[in-house]
Amino acid sequence: MDYNPNLPPLGGGGVSMRRSISRSVSRASRNIEDIFSSGSRRTQSVNDDEEALKWAAIEKLPTYSRLRTTLMNAVVEDDVYGNQLMSKEVDVTKLDGEDRQKFIDMVFKVAEQDNERILTKLRNRIDRVGIKLPTVEVRYEHLTIKADCYTGNRSLPTLLNVVRNMGESALGMIGIQFAKKAQLTILKDISGVIKPGRMTLLLGPPSSGKTTLLLALAGKLDKSLQVSGDITYNGYQLDEFVPRKTSAYISQNDLHVGIMTVKETLDFSARCQGVGTRYDLLNELARREKDAGIFPEADVDLFMKASAAQGVKNSLVTDYTLKILGLDICKDTIVGDDMMRGISGGQKKRVTTGEMIVGPTKTLFMDEISTGLDSSTTFQIVKCLQQIVHLNEATVLMSLLQPAPETFDLFDDIILVSEGQIVYQGPRDNILEFFESFGFKCPERKGTADFLQEVTSKKDQEQYWVNPNRPYHYIPVSEFASRYKSFHVGTKMSNELAVPFDKSRGHKAALVFDKYSVSKRELLKSCWDKEWLLMQRNAFFYVFKTVQIVIIAAITSTLFLRTEMNTRNEGDANLYIGALLFGMIINMFNGFAEMAMMVSRLPVFYKQRDLLFYPSWTFSLPTFLLGIPSSILESTAWMVVTYYSIGFAPDASRFFKQFLLVFLIQQMAASLFRLIASVCRTMMIANTGGALTLLLVFLLGGFLLPKGKIPDWWGWAYWVSPLTYAFNGLVVNEMFAPRWMNKMASSNSTIKLGTMVLNTWDVYHQKNWYWISVGALLCFTALFNILFTLALTYLNPLGKKAGLLPEEENEDADQGKDPMRRSLSTADGNRRGEVAMGRMSRDSAAEASGGAGNKKGMVLPFTPLAMSFDDVKYFVDMPGEMRDQGVTETRLQLLKGVTGAFRPGVLTALMGVSGAGKTTLMDVLAGRKTGGYIEGDVRISGFPKVQETFARISGYCEQTDIHSPQVTVRESLIFSAFLRLPKEVGKDEKMMFVDQVMELVELDSLRDSIVGLPGVTGLSTEQRKRLTIAVELVANPSIIFMDEPTSGLDARAAAIVMRAVRNTVDTGRTVVCTIHQPSIDIFEAFDELMLMKRGGQVIYAGPLGQNSHKVVEYFESFPGVSKIPEKYNPATWMLEASSLAAELKLSVDFAELYNQSALHQRNKALVKELSVPPAGASDLYFATQFSQNTWGQFKSCLWKQWWTYWRSPDYNLVRFIFTLATSLLIGTVFWQIGGNRSNAGDLTMVIGALYAAIIFVGINNCSTVQPMVAVERTVFYRERAAGMYSAMPYAISQVTCELPYVLIQTVYYSLIVYAMVGFEWKAEKFFWFVFVSYFSFLYWTYYGMMTVSLTPNQQVASIFASAFYGIFNLFSGFFIPRPKIPKWWIWYYWICPVAWTVYGLIVSQYGDVETRIQVLGGAPDLTVKQYIEDHYGFQSDFMGPVAAVLIAFTVFFAFIFAFCIRTLNFQTR
């Protein structure tokens, strides 16, 4: 590292080390004297001398030891002299959790203040010895990015469109172009510079290209995009260094391992990213200080040395990052995911930021990092980042959606992007001047950032026009961009870009040229530790698998019980082979669960891989190696339970040989399924790919169809099937035992019984085939793991693209044509220069709403209702993590005696810092909590709240926008309206109401857009948020709860949403919103405020007043609370003034002050008044629980499910392709064997073919339907809680939707298999084949749906379903015929659905065949009809009961699905 070591040493040459140390110690002492002033100077002098000696000793250490050894200050209590600051020598690589926490608590009491102090000291230390820090300047010149995409209806993912797209892509590969795609220009010829040491804010409306610009600068653009122009770092092109290691892109999507804690997540990130140049900097710094005789301050030295310590599992930098991001309070809480409670959304967003800033990277591109955070937390985080940028000369470009004015003022430079063009880039101080030159001015009580995001929009621009000399005309973005170039800031930027960056000026340590900054050994160790941790957290998964295999082993051992087994003839040997075969298959299937686990982990892996945390092999190797112990355990369990119980060859050597094969089968299967997961990458495709692969190795393993019978065109596949070797090895190991080889096949035969059996199964006779099998399985395991690693390395996640349906579509047509939309957008054009939302106050709400026009769409009648609640408390069971830390209480209280009221026509804001209990309170009041303990009184207009009736008159907009992904925006609203509006409202009226609500929230241009999955496809975050609100508004509720309706929105979108909310309130509805970081105008759109502090306590409840004067006056009335600065956001000031830091500073508890205030007494009186019903009022009553009757609910649910299924090609198309592939495989492998009736073996092969087809198509149907049902179930929980419908109509509609798709699947499957296998072409036989296949596929599908309804998530459903695959297989009648099943298990044969399927298929095809066939073991020849009756127990006249039972299984599984959907709720809130 180039730190100019040839500079002359600083300081006088004759200064002694001892004197230098003394000076420095006395300097350090003065700095800490304020804190520890109680100690005497005499004692402090002694301490100084001791400390000086310690520093002298450290200076004498070898460099390696010296750079990891320092002094740590600690407070020591002394009875004589009081608290003393003592120092102890520590090794920074061995700091324990307590030491790290003490240091952080002592040095960083108030995060932003102490952060600046320590960083200033750190910078002064570096500057003192003349070291220049490495910096990065990022330039982009003439950058243009384009994408090709489908538009309109062609962009919808219907089955038809997907088939067309696949066909066009295939033709495109051979040069035939049919596809007509639109070209979208995302960024258009933009140029600029991101400078080090300056905070740069990226602003722009949604879809303006902000994320694309950040990704481009970070070198992470999708390769399918067309890019032109140059991006350079310090003059280097992106291909000349490693941009993904030099810079870090912090995504707006939060992808984390849900079962890791916050601290574990950041520690792992810190280990993978390493320390970068910190160690080299420290080394050079220490050398120069030693030469100059300079002694560092202890806290700075410890911080720098701990930050530069490589290979530590728990880094001090992690504790520092947790502190400055405000995550220290939840550091030991798991992050959580969709189905597992963890940290809040805002905290999760901070974890995403912390994951990157914990590393050494100083060039950060941060994408909307404040979503879900309150404004004071955002300010604190941005303030700390600003200090890092200014004092460490970092390079930061950050996009924020709604930066408060005080946060906006922290930035030095602004980049404003709109429609893919740069409108302005330069100093913050000049940006308003630029727009004033056009005639636009930012109003006084309007945040500059909000103004900037609205002023370029056609719908919002006019209200800011202030030029009285000329009339307003719309100024397009292109004109702003053009005029910027001639503006003095733009000219300066152009001049700067005209001079190329001088590479010699750049520090060579600024850029990273190595792909990984940590040694491969250390990366492997980090991934190993993480994998081991995840195994411990996933203990249930491994215990479940082991218990599952023990249960199946117990069933198997009692089914093939040794007392019932003989070794007399070939028939007996076949039973042993059946047991071996089942054991092989069950241990193969055991690996199937690995696939679901791996698919769920891939998104986080791809993120970390692309951030160059670690190479793929360091992920795959620990996964493989740590899977070995669980395989040994499961294999041992299987062998111990089955081997001697069944009565296999009693030699100990054969026991251990079979154990080795079973273990290798498990390892091979787990490796194979991990490979399939990494290649397929989504659960639906992986389930199909897994089943298809399993079918291939299953069919061609030599046991369903002996080697000699396999058609020539499939002969090669026999040798590449792992099960070939597994089967050969198992059979050879058993059949070469003396008990088989010491007997003749029959009394008149010269062939040994074992040899005869091997001949019949076409297995090789050589003993060495056992070791060939072992070697082959080892090779397959190694091969699959290598391919798994390669797939992880080179394949990218399967991303779906949204169709191009521009938000500003046909804007010219909109202007002047749609008065309602124009009035909503401008909120009265006559008030130019004023803030529309700010004017929507208590006194002028009706005036500012623009008259009745704005209320169009909210005119359906409703009853205004008030809600009052008194002394509401909420408890949950004490989390295990807290009990582990010594907390003795059994319950954790989240709400502490909350009292208040929400009234009609009054818009109430529910505010507080993250973790204050805002969402918890709303969930409790709305009746959305599924667990915990609620106390207190909640009333609706004086009557006790009854949840069933309350759901009919209330709406709840959740913080997470949960919608069915495959329907359009308009369809989502139609569905909500038709189910929730009263029956008396006609269809036309409902449709009109839906259209009006769409206009109200400005979704009309997106009416035909697919909703999609968040972060994957479909609507953007802000569009999804507006849809959530619209879905509730179309229900026409009296009371509406909105959980952070503006979170994740930019200022313009937030204003649109709040206009819709305000219009809703002005109709007389009761509306309550939790809100995190409101701008001034949005905050002052509210009428009343309920403010909460952490711990679930109210600290203010009352009116805001004009310009928020009432809430400001309330807090300013307390002694010590500073006055609000001029033009400061009152929401931010209020949160700061009442923060925990402020309470500590003032030594007050604002909750206690509120409880003692007159305001609290007035609220108590109001609640008391509202708790008594008005005279003559009656309680809420509805004749029925739901708006629609059961038939109406069913029709609506079926309508939505139909569209969902039609637009789910990754489900329906994938299973259709799988069934087609299975049909062709079965047909080509068992080509025309249906007509072979010479011996019993031919019949066994046919049964094997039909059994395999039904099992594999059925299992595929089961596994592919699970993700579909799981996604829709999450939506179902929201819709049922909203009172849309009951569970039964929903469940029956989903069951009904499967019928036509399974019918299509069955018809073409039957035609292909029936013809290619060569069954008899008789109408009756073909009908029964189709009938049995149809109901078999159907019951498998419903079985998959049932398993999801019984379990909390898809992963557990997959494991649960697979638990019964083995039992269904075992009792199917293939491995052990019914007459051979012991009497104590025969009952299960009759309740096994697969057994009835095999029964029906065989009887329908062979029950009337009188052809005589040769029977094994020298028995007399029988007719086919007699043979299947004697050997399998299949009676030809039993087809009627078979048909009835198959229908019964189908109905039973569907019923259990519906019943569980109705009764079980796995959502934890």
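Placed from the backbone N, Cα and C atoms, the Cβ positions cover glycine too.
On the 0 to 100 pLDDT scale, the model's mean across the domain 'ABC transporter 1' (171-444) is 88. What Swiss-Prot records for 171-444 is domain 'ABC transporter 1'.
The domain 'ABC transmembrane type-2 1' annotation in Swiss-Prot covers 522-735 and rests on sequence analysis.
The domain 'ABC transmembrane type-2 2' feature in Swiss-Prot is assigned to 1192-1406; the stated evidence is sequence analysis.
If you look up Swiss-Prot, you'll see M1 marked as N-acetylmethionine.
Annotated region 'Disordered' per Swiss-Prot: 806-852, in sequence order.
Per Swiss-Prot, the feature transmembrane segment maps to 540-560 (among others); the stated evidence is sequence analysis.
Summarising the annotation, Swiss-Prot assigns transmembrane segment to 575-595 (among others). Under 8 Å from some Cβ of the transmembrane segment (575-595) lie the Cβ atoms of residues 541, 545, 548-549, 552, 556, 560, 565, 567, 627, 634-635, 638, 642, 646, 648, 662, 665-666, 668-674, 676-677, 686-687, 690, 694, 698, 703, 723, 726-727, 730-731, 734, 757, 761, 1358-1359, 1362, 1365-1366, 1369-1370, 1375-1376, 1380, all in the same chain and six or more residues away from its ends.
Only residues 6 or more beyond the boundaries of the transmembrane segment (621-641), in the same chain, are considered here, and those with a CB under 8 A from a CB of the stretch are 524, 527-528, 530-532, 535, 542, 545-546, 549-550, 553-554, 556-557, 583, 586-587, 590, 594, 598, 655, 658-659, 662-663, 666-667, 670-671, 674, 785, 789. Among the features that Swiss-Prot reports, transmembrane segment is placed at 621-641 (among others).
Summarising the annotation, Swiss-Prot assigns transmembrane segment to 685-705 (among others) and lists sequence analysis as the type of evidence. Sequence-distant contacts of the transmembrane segment (685-705), counting only residues of its own chain at least 6 positions beyond either end whose CB sits under 8 Å from a CB of the stretch, comprise 581, 585, 588-589, 592, 595-596, 599, 672-673, 676-677, 679, 714, 717-718, 721-724, 726-728, 761-763, 798, 1210, 1214-1215, 1217-1218, 1221-1222, 1225-1226, 1229-1230, 1245, 1248-1249, 1252, 1256, 1259-1260, 1263-1264, 1266-1267.
Positions annotated as transmembrane segment by Swiss-Prot, on the basis of sequence analysis: 772-792 (among others). Counting same-chain residues at least six beyond the ends of the transmembrane segment (772-792), those with a Cβ under 8 angstroms from any Cβ of the stretch are 605, 609, 616-617, 619-621, 624, 660-661, 664-665, 667-668, 671-672, 674-675, 678-679, 722, 725-726, 728-730, 732.
Note on the transmembrane segment (1216-1236): residues 688, 691-692, 695-696, 699-700, 705, 709-711, 713-714, 1242, 1245-1246, 1249, 1252-1253, 1256-1257, 1260, 1264, 1304-1305, 1308-1309, 1312-1313, 1315-1320, 1405 of its chain, located 6 or more positions outside it, place their CB under 8 angstroms from a CB of the stretch. Taken from Swiss-Prot, the feature transmembrane segment covers 1216-1236 (among others).
Summarising the annotation, Swiss-Prot assigns transmembrane segment to 1239-1259 (among others) and lists sequence analysis as the type of evidence.
Annotation comment: Swiss-Prot describes 1299-1319 (among others) as transmembrane segment. Through the fold, the transmembrane segment (1299-1319) approaches residues 1205, 1212, 1215-1216, 1219-1220, 1222-1224, 1226-1228, 1230-1235, 1246, 1249, 1253, 1257, 1261, 1325-1326, 1329-1330, 1333-1334, 1337-1338, 1341, 1405 of its own chain, all at least 6 residues removed from its boundaries and within a Cβ separation under 8 Å.
The transmembrane segment annotation in Swiss-Prot covers 1326-1346 (among others).
Look at Swiss-Prot and you will find 1356-1376 (among others) tagged as transmembrane segment, backed by sequence analysis.
Annotation source Swiss-Prot lists transmembrane segment at 1384-1404 (among others), citing sequence analysis. Within the same chain, residues 555, 558-559, 1246-1247, 1250-1251, 1254-1255, 1258, 1325, 1328-1329, 1331-1333, 1336, 1339, 1343, 1367-1369, 1371-1374, 1378, 1428, 1432, 1434-1436, 1438-1439, 1442-1443, 1445-1446, 1449 sit at least 6 positions outside the transmembrane segment (1384-1404) and bring their C-beta atoms closer than 8 Å to a C-beta of that stretch.
Scored by C-beta pairs under 8 angstroms, the transmembrane segment (1356-1376) has its highest count with 540-560, from the stretches 540-560, 1239-1259, 1326-1346, 1441-1461. The recorded stretches the transmembrane segment (1239-1259) and the transmembrane segment (1326-1346) share 3+ CB pairs below 8 A when only pairs 6 or more apart in sequence are counted, and are therefore in contact. Sequence-distant contacts of the transmembrane segment (1326-1346) (same chain, six or more residues past either end, CB-CB distance under 8 Å): 1254, 1257-1259, 1261-1266, 1269, 1294-1295, 1298-1299, 1302-1303, 1305-1307, 1309-1310, 1314, 1319, 1357, 1361, 1364, 1393-1394, 1397, 1400-1401, 1404-1405, 1439, 1442-1443, 1446-1447, 1449-1450, 1453-1454, 1456-1457, 1460.
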